[in-house]
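Reading through the structure tokens given below for one structure.
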Amino acid sequence: MIKFFVRNILAIVVSVAILTLIFTKVIANAKVVGDSMNTTLNAGDRVIALRRSNPQRGDIVLFKAPDGSGQFYIKRVIGVPGDSIRMRNDVLYVNDQIQPENYLGTARTDYQQQTGNHYTGDFDLFTLTKRFNVPVNQFFVMGDNRPNSTDSRVFGFVSNATIVGVVLVRYFPLTHIQLF
């Protein structure tokens, strides 16, 4: 009886230790707050991010808010180190090449038809940041809901040191599970 009890307690302790290690070193769990990533991610969605990832252009990343509030933001990587970025007439150019933004779905055209305005205002990296290219160990990020997103157009580059991880999956709500 005691042997059975000790074995079960040991199994529970080891399981908790492994789960703690996984959630502190391998993956991060986050709740989406706000609508800056609509319709890709909605307020209340739950996501899992892979820590220590090397973000690539187009990845959705979880990072520490630049205002030092202790909160986390979720945005899409638009530019990686060395990239030049500009937006003209709702067309994204990265390194002077048109960058398709299929992840926006119909949001851009719906917004244009409803408001008569561009979904993403014109900008270039130099005007926003006084730099021609994204610096080493920095990223340029934007929310998919461009008219309602506070992102690199406002707060500048995101340091690699503040990136918690790359979002891999939305697991809640269960009716909207999605791999990224």
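Including glycine, each Cβ sits where the backbone N, Cα and C put it.
Annotations in TrEMBL come from automatic prediction, not curation.
Applying an 8 A CB threshold to same-chain residues 6+ apart, the list for Ser36 (active site) reads Tyr73, Ile74, Lys75, Gly143, Asp144, Asn145, Asn148, Ser149, Thr150, Asp151. Per TrEMBL, the feature active site maps to Ser36 (among others).
Under the heading active site, TrEMBL lists Lys75 (among others). Under the three-state DSSP scheme, Lys75 (active site) falls in the strand class.
Per TrEMBL, the feature domain 'Peptidase S26' maps to 8-172.
A simple way to gauge crowding: the CB of Lys75 (active site) has 24 other CB atoms within 10 angstroms, across all the protein chains here.
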